[in-house]
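S.K.: Okay, here's the structure, questions in a sec.
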Amino acid sequence: MAEERKSATTALSPHQSHNPGSFHAIRNRLSFTNGGGSISETAFAGRIGGNQEFVADDEELLKRQPDAAPISNIKDALRLDGFRNIELWRMAIIEGWGTFLLISCLGAGASGLTTLGPSTSQFAATLYAAAFNVIGLTLFIFSAAPASGGHLNPTITIATFFAGLCTLPRAILYVVAQCVGAIIGWYWLKLGLGDAFFPAGIIPGCTVDPTLVSPGQLFVLEYLFSQALIFTAFGVGLDPRQGKVFGPALSPVLVGFTLGFGTLASSLAKPGYTGICKHTYRSCLRLLFLEKIEGQCSADYRVSTTAFNSARCLGLMIAKGDMQYHYVHWLAASSAAMLNGLFYHFAPPYVRGKPRSAIVGVATGV
């Protein structure tokens, strides 16, 4: 036992043997020995829920993968040689697979909410959706973060890019993979549910009533709630100063709660808009009269499932054949991500002017 402990210690950086951010870099990963075996840990500053503890201080690795630690200049962030990094492609595939599973599972619940009868209150549906989002997102972050960073959401990926925690090649590969995963996920769910796939034609979390909500109002609301959720997700999931408070063991749970918070905060915001990428028809009787949904009105469509994920809406709206105002989802979320990046660089969690190794030391507590 003593020899195994010694072996594990000697594989770590001499700065701090127990810190996962100071493990030796092997290829594009961090590696340490454990009982004679080898565990591979991805070095990625933008790992959601990791609070920048899983970063590297190996100069050779940082040359190949700049976002293995917080990126200190625009040139490194925009380097295109990352497209030749096979490891990034593997991680992007995992992002797509994780998004496929997450979107399919949450989508099944969202579809079920549209069939609730009038005896179910909107508040009860909102609580169900919030709890479902918290549990689902938390579990998937825990599952995907070690392998890919656990973004599972283009908004988070774009936000980490503008904050200097993700390179452009990784951002592009991740967003494409997330969108493809979401589209396949919704078609897969549609194949399984058949006529039960959002039977009323309503897309909860993605469409609005155009007679009650204009594109401008949709942008303002989407931007507001997206900005709030990015801010809180960064605060509990990517701020290295929080590592000393709760660390990566609790951080993914708190990130999940940010989505639940968004559901509760936005679900009753405005008639015709029930939250982040939401949809409600309060004029249900009018729609019935016009036979647009053929009698399938349930609970005034008081559906309370939040999106906070442009890929989710992209896949669902393509599968349903309704792309109404979808460009607003991307525009609002991307704008929120860019402004969050400006604030992040305005008040960074590390000391300006320090060499990159010193920044890594701040992140990992060395």
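Here the Cβ of each residue, glycine as well, is placed from N, Cα and C on the backbone.
Okay, these came from TrEMBL:
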- 8-20: compositional bias 'Polar residues' (COMPBIAS)
- 1-20: region 'Disordered' (REGION)
- 88-111: transmembrane segment (TRANSMEM)
- 123-144: transmembrane segment (TRANSMEM)
- 156-189: transmembrane segment (TRANSMEM)
- 218-238: transmembrane segment (TRANSMEM)
- 245-265: transmembrane segment (TRANSMEM)
- 327-347: transmembrane segment (TRANSMEM)
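What does the local environment look like for each feature on the list?
M.R.: For the transmembrane segment (88-111), the list of distant contacts is 28, 42, 44, 65, 82, 128-129, 132-133, 136-137, 140, 143-144, 147-153, 169-170, 173-174, 176-178, 180-182, 184-186, 188-189, 193, 196-198, 204-205, 303, 305, 309, 311-312, 315-316: same-chain residues at least six beyond its ends, Cβ to Cβ under 8 Å.
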S.K.: For the transmembrane segment (123-144), could you work out the same-chain residues 6 or more beyond its ends whose Cβ comes under 8 Å from its Cβ atoms?
M.R.: 48-49, 94-95, 98, 101-102, 105-106, 109-110, 113, 116, 150, 152, 252-253, 255-257, 259-261, 263-264, 267-268, 299, 302-306
S.K.: With pairs 6 or more apart in sequence, are the transmembrane segment (156-189) and the transmembrane segment (245-265) linked by at least 3 Cβ pairs under 8 Å?
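M.R.: No, the transmembrane segment (156-189) does not contact the transmembrane segment (245-265).
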